[in-house]
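**Q** I have a structure here, written as structure tokens, and I will follow up with some questions on it.
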Amino acid sequence: MCFKNVFLVTQLLCISQCVEIFGPKYRPSKGAVWPKPKKETRGEQFYNLHSSFHFKVTDKTCSILLKAINRYSDIVKNPEMKKASSTEVDNQENFLGFLTQLEVILTQPCEEHPSYGMDESYTLKIMSTPQLKSASIWGILRGLETFSQLLYYSSDYTQIHINKNIIEDSPSYIHRGLLLDTARHYISVNRILETLDAMSYNKMNVFHWHMVDDQSFPYQSERFPELSEKGAYAPWMVYTKADIQKIIEHARDRGIRVIPEFDVPGHSRAWGNAFPGILTKCGNSLGPMDPSSDTVYNIVQELYRELKTIFPDDHFHLGGDEVDTDCWSKNPSLMEYIKERGTEVNKIQNLFMETMMPLLNDSKLIVWEETFTSGAKLPKDTIVHVWKYKEEERMKEVLSAGHKVIYSSQYYLDFLQCNWEFFYKYDPREMMTFSGDLNLDDIIGGEACMWSEKVNDANVISRVWPRASAFAERFWSGGPATDSPPIDVYRRIEEHTCRMIQRGIPAEPPSGAGLC
């Protein structure tokens, strides 16, 4: 009887909700930019995109720029847009004429690779002489994305409009990343390339590649081929040097840094399939890497040297989280090693990391917060990646010690129950209530993290987008955190989701019933 009553109530609620709402829950905006620009002066008057529209480069150029021009020409003049691109005169009162070109002015030579602190600022003017201008190729890329988002269909879908506008834009945070775990489930190269495309549509600039973990070792090393031969899920579920170079090049062309993470000393059991001697024996199982083994440091150092020849970024994520120190305490020979050095088991991670870091002296390091909170002596330029909850006090400690912070505590995309509104609530600088001499600009940005226990090649894109879009706007646009986004945010994310889908990104619906 109870089940029948519950079923009846559920039916009645469903009927009442269906009757109450007609049409889309939120109507998409038209020609609104995501993430929101820092300063935008948009008029009611508009131009129509002419069928002969093209980009005109009038100053510096390079291969990155030329490839971007080709990409955005395809986006602007895709088959659906082309159908609406007309030379017929529009008699509406606010019609200003036809837009036939956008002048693209890059005032400084191109950099070879995106880098920490790169200039992403730009100015975009949609007026009688439309113009995109930046001193950096990365600013030009962001401006081209903005221009492509300003276009929208007329109400009868026969014209493409773009409103008169002046935009002066730059990011609030220099590090706006997506962490993708490719160890718990293998994610194909094509899905990673698709992810990078979506990141560029959201003006994100760091791909944090958590490539290996306890579950698998998909990196195909030339120096140690047995690592993937014995550690990958299958022989074809690997990333070759050519695969990685393809991903890095794809990211570079979109102004995205690729930072690899090979987590040590924990999350390293897959290494042990090839080299069981480098892991600590604790009873009948194997735990973290053995900090007393010279072989550990030799193998890791040689592997990192190989990685350094492939990954051009000057930062490397060393990991250092969730180390099972209980395993270390159960190993008699390791406890003797600890005793000889006059230390304690809970400090042995510090010894490991302090031994490891000088071996990577040609890289600037990023570590998870446990490496800092355990008391390891970190170089001042080490960036601390904060991920645990109740994070404010730890962030204060990290900043007080002179380190910069990457923030992820409220941005775990693998919490599939959290919708985009949840991720839109948080801006780390706005959240911090501490005061004093601490420089909040040392919170350099954040990363949305997609750990892959519950996602694979089939669903990872739709689980990331558009939820990561909320993160992207928070860290590009900044501004006060809010429990309830304004209505324009709902309308803009509807349009942005439609935009991503039109470009081939299978983003999930953001807010219920709607066009996309």
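Keep in mind that glycine also has a Cβ here, set from the backbone N, Cα and C atoms.
The structure displayed is predicted, hence computed values, not measured ones.
Copied straight from TrEMBL:
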type	residues	note
ACT_SITE	Glu322	active site, proton donor
DISULFID	Cys62-Cys110	disulfide bond
DISULFID	Cys282-Cys327	disulfide bond
DISULFID	Cys498-Cys516	disulfide bond
DOMAIN	33-150	domain 'Beta-hexosaminidase eukaryotic type N-terminal'
DOMAIN	173-478	domain 'Glycoside hydrolase family 20 catalytic'
SIGNAL	1-18	signal peptide
**Q** For Cys282 (disulfide bond), name the DSSP secondary structure in the helix/strand/coil scheme.
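**A** DSSP assigns Cys282 (disulfide bond) to strand.
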**Q** May I ask which of the recorded positions Cys62, Cys282, Glu322 is closest to Cys516 (disulfide bond) if we compare their C-alpha atoms?
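**A** Closest by Cα distance to Cys516 (disulfide bond) among the recorded positions Cys62, Cys282, Glu322: Cys62.
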**Q** When the number of other CB atoms within 10 A of each residue's CB is tallied over all shown chains, which of the recorded positions Cys282, Glu322, Cys327, Cys498, Cys516 has the maximum?
**A** Cys327
**Q** Just counting, how many other CB atoms are there within 10 A of the CB of Cys62 (disulfide bond)?
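**A** There are 15 of them.
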**Q** Would you kindly give the Cα-Cα distance separating Cys498 (disulfide bond) and Cys110 (disulfide bond), rounded to the nearest Å?
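**A** That comes out at 32 Å between the alpha carbons.
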**Q** Count up the helix, strand and coil residues in the domain 'Beta-hexosaminidase eukaryotic type N-terminal' (33-150) according to DSSP, in that order.
**A** 34 helix, 40 strand, 44 coil
**Q** Going by C-alpha positions, which of the recorded positions (Cys282, Glu322, Cys498) is nearest Cys62 (disulfide bond)?
**A** Cys498
**Q** Rounded to an integer, what is the Cα-Cα distance in Å between Cys282 (disulfide bond) and Cys498 (disulfide bond)?
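**A** So the Cα of Cys498 (disulfide bond) lies 52 Å away from that of Cys282 (disulfide bond).
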**Q** Quick check for the class: what is the C-alpha distance, in angstrom and rounded, between Glu322 (active site, proton donor) and Cys498 (disulfide bond)?
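**A** Answer for this pair: 39 Å between alpha carbons.
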**Q** Between the Cα atoms of Cys327 (disulfide bond) and Cys498 (disulfide bond), find the distance and write it as a whole number of Å.
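**A** Computed Cα spacing between Cys327 (disulfide bond) and Cys498 (disulfide bond) is 50 Å.
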